[in-house]
Structures are given as C-alpha cells and as structure tokens.
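Participant: As listed in TrEMBL for this protein:
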type	residues	note
TRANSMEM	12-33	transmembrane segment
TRANSMEM	45-67	transmembrane segment
TRANSMEM	99-118	transmembrane segment
TRANSMEM	125-146	transmembrane segment
TRANSMEM	166-184	transmembrane segment
TRANSMEM	205-228	transmembrane segment
TRANSMEM	234-255	transmembrane segment
Amino acid sequence: MSSALTAARMSYAAAIVGCVGYGIYVVLAYQCIRRLIGRTQTWTTSRVALLTYTSLLFAVQTIYFVAACKWSEIEFVETAVDPAVFASQQSSMLSVLKGTGYTINIWFADAFILYRAYIVWGRHYALLAPLATYIGALATGIGLLVEISKPGAAFGQTALINFGTPFLSLSVTTNVLSTILIAGRLTHHRRAIHRIHQNGQGHSTVSAIFAESAALYAIVALVYIPLFARNLTLQYPFSALMGAVTSIAPTLIILRMAGGTAVTREWSDIPLNALADFPSSQRESHAASMDKSQ
C-alpha cells in the first residue's frame, strides 16, 4: 500500500470524523442555548457570560467546520481533475482560516476548563501550574498562526511542527493538570461528605466526574500529540476528532451548568476539614446538592 493512498484514506476518515463530531456538537450546543434562554430566572451576569461563550464557541467551530469541508472538497474533488490545485491551497486564505479556527477553539476550550478548575479550587496556588502552561499555549499558538499565514507554508513543514508541537503539548498539559485537579477534588470532597453523612450513598458517578473535568479532551489530545509530532498520517482523523472535542468538552460542562447540576463556587468554598463541624441539617443539604451532580 503506497503512502499516498494511506494518506488519502486517513484524510477521508478525518472528513467523516469531523462531520460526525460537528453533528454531535451542534446537538449539544442547541440544548445549551435552549436551556440558557428558556430558564425563567432573572438574567444574571454568569448566565449572560455562558450564553455569550456558547455563541462564540459555536460561531468559531462552525467557521472551522465550513473551512474544513471546503478543504475536503478541494482535496477529493478538484484535485482529481487538477493535482496542482491542492498544492496551491496549502498556504491560501482557506488554510489560514481553517488553522485559525482550530487554534482559537483550543484557546477557548483551555480557558473554560481552567475556569472550571478555578471554580472547584478557588484561589489556590495549585492553579498556577495550569495557568502558566495556558499562557505558554497562547504564545506558541500565536507563533503557529504566524507561520501558517506565511507564503509557501504547507502542512508538515518543520516550522509548523516546531510551533505546533509545543502549542499542543502546552494545551494538553493545561488540560491534564486541570483535569487531575478537578477530578481529584470532586472525588475527595464527595467521599468526605458521604463518610461523614453516612447515608450509604455512593460516590460521584464516573460520568459526572468525566464531564466536569473535561477528561474527554485530555484523552484525545494525549493520543494526538505524538502522532502530530512524528507527522504520521494517522494524525488526520485524530486531528478532526480533537477539533470537535475542543467544543464538545466545554459544552458538556455548560449543559450541566445550565441544568443546575454542575459544581458551583459555594461548593468549592467549603473546606474539607470543616465538614465535620457542619450541623447535621447543613451536611444533609450539602450532600443532597452533590447528589444532583450525578
């Protein structure tokens, strides 16, 4: 099997993965917007911020998806007639638009997951590490966009890999650290509450912690980075998957927030060593609120 044929098949698989991923994201985004708009409560600052973030994320993801669809049309339709067409698009405005949408999506996702870590931990020094890696991801992402916009830029070039690899690595580090911090505190806090409450209920479900910590994004990114760094053709479908997951992961959290089942600042403000001093009625109320997150 020739390498060109393998690359074409992987690129075709990426197009399918991208379409399926975008379809899943659109359904989730619609549910989020409907819940945020349909709530009867007064419009608060946080509610407006969530709706604005969801709308911006949807706009950027849609722009990226449309650009990716056009890219696939050129690769599989127009290139069959004139092979020079695809080569001419490597450094075109379409390529820049596609790369910009992809990068901004990652920035948006990282920022939201870092925000959720802040919600769970509050102003804790543990957040300095993911904050530092996020700043690094912003810097290397800007460098990557500059390289993409240069005339003659092409996918797989050394300059793009040199910026793309640290950008993705810093982004993944931000997400892995945030995921560990969020999942660890959720699990520990939950166990402490139920151990004191002694009501026989289980701990947070795996799905609840999985959604709250955006573990899906971290897992996909960990698989994608080595494929990108080694410039393997298998990276294409994983690149498309990551492009979708960067929007799906934060949208899952927003969906829980809109439904009132996500962890809030009030939850994180209660120190573990203070749980034993809670009156019984407050412990029961707090445990019940944690049960809703399942």
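Cβ atoms are placed via backbone N, Cα and C, with glycine included.
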Participant: Among the recorded stretches 45-67, 99-118, 125-146, 166-184, 234-255, which has the greatest number of Cβ pairs closer than 8 Å to the transmembrane segment (12-33)?
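Facilitator: Against the transmembrane segment (12-33), the leading stretch is 234-255.
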Participant: Quick one: find which recorded stretch in 45-67, 166-184, 234-255 has the most Cβ pairs under 8 Å with the transmembrane segment (125-146).
Facilitator: 166-184
Participant: Counting only residues 6+ away from its ends, which parts of the chain sit with a Cβ under 8 Å from the transmembrane segment (234-255)?
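Facilitator: For the transmembrane segment (234-255), the sequence-distant neighbours (Cβ-Cβ under 8 Å, at least 6 residues beyond its ends) are 7, 10-11, 13-18, 20-22, 24-25, 28-29, 31-32, 35-36, 50, 53-54, 57-58, 61, 64, 68, 102, 105-106, 108-109, 112-113, 116, 211-212, 214, 216-217, 220-221, 223-224, 227-228, 262.
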